[in-house]
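TrEMBL has this to say about the protein:
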type	residues	note
COILED	413-480	coiled coil
DOMAIN	519-576	domain 'HTH luxR-type'
TRANSMEM	12-29	transmembrane segment
TRANSMEM	210-228	transmembrane segment
TRANSMEM	235-256	transmembrane segment
TRANSMEM	268-288	transmembrane segment
TRANSMEM	300-321	transmembrane segment
TRANSMEM	327-346	transmembrane segment
TRANSMEM	358-379	transmembrane segment
TRANSMEM	385-403	transmembrane segment
């Protein structure tokens, strides 16, 4: 039964991964209605008021920057045909295979079934272009030129407005690339009524802004959790993973927050987008190892960390074109490592608990977005960055998994704290009991010593009295008898009592200091009396120790009580017991 469950869990993970990838392709291939091929151009059907993707074969002029005027005044021939949008890398023109660096002109005729005011939405993360319709320059971005020095690429998110005319509408597009491995446009142009295009861009802007807010809030939330629970390293690594995803979305998305800075520092912007992708894959390793330390071998982890550091240094040191070319080889390492994580995530389904399985399933969702990212980077597919929304789904899923894990950990800590508190209470009770037993044993020992001394003193005093009653005419014997009585008097003194007081202070340290601080009028004899009462001695026992009558002890206690301001003799005992000496 357990084996069946393990296989079932692994199958669910694989199916989830494949469904995410297939669903992504479905979304990509069905996002907008496409233009249709016409006899000498592309037909734009606007009957239903939809936004249409401008896609189809166009005239392609490699290493030429033609304007509409050139087409009308010059006898231009020898056009090649290239599907738009697509990269021109690898295409054969004049018997030569094209590279990414270069410039070109696209041309076609557009046929509209509606002559209302229209607009074109042009979106690309890095490009340069000029666009004419019917001879009018309606949009441009960056600077298009025949050389690296004369070309400047920018992040493109433009709307071009125009009103089509009846019949054919000439479409001329110049573009140049010297910054990336792949040349050409990666995103289809969207054509529609002005209000539809503006609304579409506004919708994307709102969605991207919400996604950014969600990502940044998630980053701060998990970073805050780590600050409060620093032992959970997975929280730190997950927050960093979310931060790098946030940074990539901030740069590639259409929130427009940093567009001015991006277009001023386009090369640095491209490097940051690449570095954030590398750092995200790196953080996946950190998250996985922090959650599943037994599954990811330290040697593999260390090798990948070294490679990522090397790739990041390469990204920021070398020119952007070389970085773009190099990334197509680096991504092989990244995809290979993510495949390894995918394999390990499947293994966790057979051995990990429920919470960790959820985290592993979230990792599988992330790997699906990595596949999409690789396809987009290689211009195999074009998409309105839906992979970032897939990342949001991944973060939500992982947040739920971490929440379940933290909730379980928190409950375990609460239960453990309760057990520790209960054990501490019992331990403190045992300590107090043992301490009281030790104090009582020492008090009994002290009391026994006092009684022995009292009995010995009583016997010696009685002996002295008896000897003093003897009469003798022998002067030598009388002198001897006098010496013996003096010795007896010296034996009955307070020196031994002083030793008893030292022993008492060891049992009850600071007792006399506290008592004198609270009752500065007490005499030395009254302090001694308090010590006897602290030992819970009776009037008779105290009288025997002091060689007085019990009534004298009672009267001394009453006088002392009045100095203390206590109402009854019973309160004296409670007061003395209440003095804490430890």
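Think of each number as a place in line: the chain as shown, counted from 1.
Even glycines carry a Cβ here, placed using N, Cα and C.
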If one takes Cβ-Cβ under 8 Å and requires six or more residues beyond its ends, the residues near the transmembrane segment (300-321) are 100-101, 178-181, 267, 270-271, 274-275, 278-279, 281-282, 285, 289, 330, 333, 337, 340
Model confidence over the coiled coil (413-480), as mean pLDDT, sits at 65
DSSP tally for the domain 'HTH luxR-type' (519-576), helix/strand/coil in that order, comes to 42 helix, 0 strand, 16 coil
